[in-house]
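Colleague: This is the feature table in TrEMBL:
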DOMAIN    128-156  domain 'C2H2-type'
REGION    334-356  region 'Disordered'
COMPBIAS  334-345  compositional bias 'Acidic residues'
Amino acid sequence: MLHLFPSISNSVQSIIFKTLNPCISLSRLCHFKAKRGFDSLNQTSSVQNSVAVFWDLDNKPPNAFPPFETVVKLKTAASSFGVVRSMVAYANQHSFSYVPKAVREQRRERKLLNQLENKGVIKSIDPYVCKVCGRRFYTNEKLVNHFKQIHEREHQKRVNQIESARGSRRVKLVGKYSMKMEKYKNAAREVLTPKVGYGLADELKRAGFWVGTVSNRPQAADFALRDHIVDVMDKRKAECLMLVSDDSDFVGVLKEAKLRCLKTVVVGDADDGALKRVADAGFSWTEILKGKAKKEAVSVVGKWKDRDILKKLEWTYDPEVERKFYGSEDMFDEESEDLDFDGSDDGNSSDYMHKEDSGAWWELDTDSDADSSKSQ
């Protein structure tokens, strides 16, 4: 028990503590133990208004939208509910190797344009500029060949030097080549075509996501993502959970999060899905990309604040605490020992009670009645 009021008994302190903290009644459902002292205060301050984003890429991949822009919009919407502390995404190997239809059409068009440029049928108005060295080319195919023959080889040499170095020399090489390697990655993203898939994992990592790859077994990503969410809830690392999925298998996880007094938000295309019915708020991809979710988040956060205030004002009856505080049983026992209900007295008390009950309870004694009773 918190010793906030030394002069008050422990029973009173328990009533005050439970009245101010209604979520304590759900502590039996939590798998963590609260720390006392300054560590618990620091942990509470860091968790307050923190948001954790979990993305089920197998169920909800950004096929029709660019991955990096989608993640930026998603993070912007999540930041409306609090400080985004972690962003996690899980998918199997097939999801990262799959190429959406829109990306395949863009590659087909680019290949046709390269053929027409090589034959001289069409000519680009602006030359193709290499963003690493600044050289200009009149065809896109010459730019790609230049990039592969020179800059890709130089980048691979730098990577090999860093991997072969150890200790302080490795640290110096990383600091020496960091800007050049970053410049190469930004240029290669526009020039080179990814060998596997369409660069989904790299785009998510660039936007700040931690990406986990699981096996191709059925629901392997669901199990990994669910375990990660439960771990975050056990360690109390977030106050709000945002789940990007339409899979109804996560209904149990959302219910457990609400039992632990956590706020839940779902992003999915199903208008009346099982997840959105359980969660506190739900949005679609269109609302995320258009910024509508960020505007609606203001009202959602306001409702959460009102709910927290009402919970603090709630009073719950605990018979054990009330019995310890008021001592009703002990008082009743002491009074029952003093009183004699067997009629062993001289009869004065029974006569007095009979006189008191002779009149109706709503009739008041007048002054004349009081004087007559005294004369008798």
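Start at 1 and count along the chain as shown; that gives each residue its number.
Every residue, even glycine, has its Cβ placed from backbone N, Cα and C.
Distances, neighbours, how buried they are, the whole picture for these features please.
Modeller: Across the range of the domain 'C2H2-type' (128-156), the DSSP-based residue counts are 17 helix, 4 strand, 8 coil.
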Colleague: Do you know the mean pLDDT across the domain 'C2H2-type' (128-156)?
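Modeller: Looking only at the domain 'C2H2-type' (128-156), pLDDT averages out to 93.
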